[in-house]
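Feature annotations, courtesy of Swiss-Prot:
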type: BINDING; residues: Ser13, Gly14, Gly15, Ile16, Asp17, Ser18; note: ATP binding site
Amino acid sequence: MLEEGEHVLVAVSGGIDSMTLLYVLRKFSPLLKIKITAAHLDHRIRESSRRDREFVERICRQWNIPVETSEVDVPSLWKDSGKTLEEIAREVRYDFLKRTAKKVGASKIALAHHKNDLLETVVHRLIRGTGPLGLACISPKREEFIRPFLVFKRSEIEEYAREKGVPYVVDETNYDVKYTRNFIRHRIVPLMKELNPTVEDAVYRLVSVTHLLRNFVERTVQDFVERNVYFYKDYAVFVEPEDLFLFLEVTRWVLKEMYGRVPEYEKLIGTLKSKRVEFWSGIFVERSFGYVAVGKTVFKKKYRVEVKGDMLEMEGFKIRVVNNRNDMKFWVRNRKEGDRIIVNGRERKLKDVFIEKKVPTFYRDRVPLLVDEEDRVLWVPGIARSDFLPEDVVVELLEYPVGYVKGGTYFEQV
């Protein structure tokens, strides 16, 4: 967790947990041969927050520990954020810690989380509707963050602090049950402890195993992504995994990679029940003929572009049209309602052709159709060639999005 010569930034609120962590790291820093710096952020949520800041600064002077402090008006940021006050405070705090660590040259950031914090987080996530891997929370070490106290209960830390006379301040809002975390701590956890007095240890074991499971799943997902996920201009496509759990995790990964967030697990499960599910701001997941598309709903503008050269590239397609006729002009456009094509003397709806050839629904408005001046469909790239397209006009589908044509090849007979 710590190596000789490292510089550790210690997150200190002034409460008993973080002050005890600062005390322990200061005490053992000569033995561990590490350098420590304290960091305190005033969230300006409470009137007494300035008192906490001054307390931390005073103790750090007494203990000869460098300290970095700052303040952020979290309530102002919270007003129009659409998030809870606790969520905003956490985001601001972690941002401050990362920036401060970089400023002072610290390679590690020490946090005072313990087993009770772990229990409260698990309960909170279960209430909100987490997936199974969502229980892999608060790891002992992740990126630059370390949590040396995660193996201890709150009661053990408090007992040690009393024995050593560690100074600290009390945050009066810790007892205000209007905050979700406090409600869990003071109302729900005591009931759980009536059923199992060592519930903190039980949850710690559960989370430890879930971390191992998450690591395995992350490796499996990464391997699948590297082999099967394709990103285009405004969407991604991948082969639909046979395993439903892998499907959910790959979908989560793609959503986070593209948009920086994921839906609640309950909403994500909805993709197993429906062919198409929309989340926030028009973001969708659509399943069709063994492929999955993830993107943002965009109402495609109808276009009609004259073919003037041999090569055209659009919507992930690359086509070649060699016009050997001086008496004909061609255009490409996307499909229209009621489009039909005549092949071998038989007229068929373009929609039926797409279904028969198992063209995923999310490609049907993207494929560039070759038409004549009468707007008749002459060629559906890789799918069908009309009787009206002269034989001396050369057409070829050179590139296309994954899954557009099955089997990795294309054919033009209907």
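Glycine is no exception: its Cβ is also placed from the backbone N, Cα and C atoms.
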Which are the residues of the chain, Ser13, Gly14, Gly15, Ile16, Asp17, Ser18 excluded, whose CB is within 8 A of where the CB atoms of the ATP site average out, their centroid? Val12, Met19, Thr20, Ala112, Tyr168, Val169, Asp171
Site with most surrounding Cβ atoms, counting all protein chains shown within 10 Å, from the binding-site residues Gly14, Gly15: Gly14
Filtered by Cβ under 8 Å and at least 6 apart in sequence, the residues in the chain of Ser13 (ATP binding site) near it are His40, Asp52, Val56, Asp171
Taking only same-chain residues 6+ apart in sequence, whose CB is under 8 Å from that of Asp17 (ATP binding site), what do you get? Ala112, His113, His114, Phe149, Arg154, Ile157
Quick one: give me the count of other CB atoms within 10 A of the CB of Ile16 (ATP binding site). 21
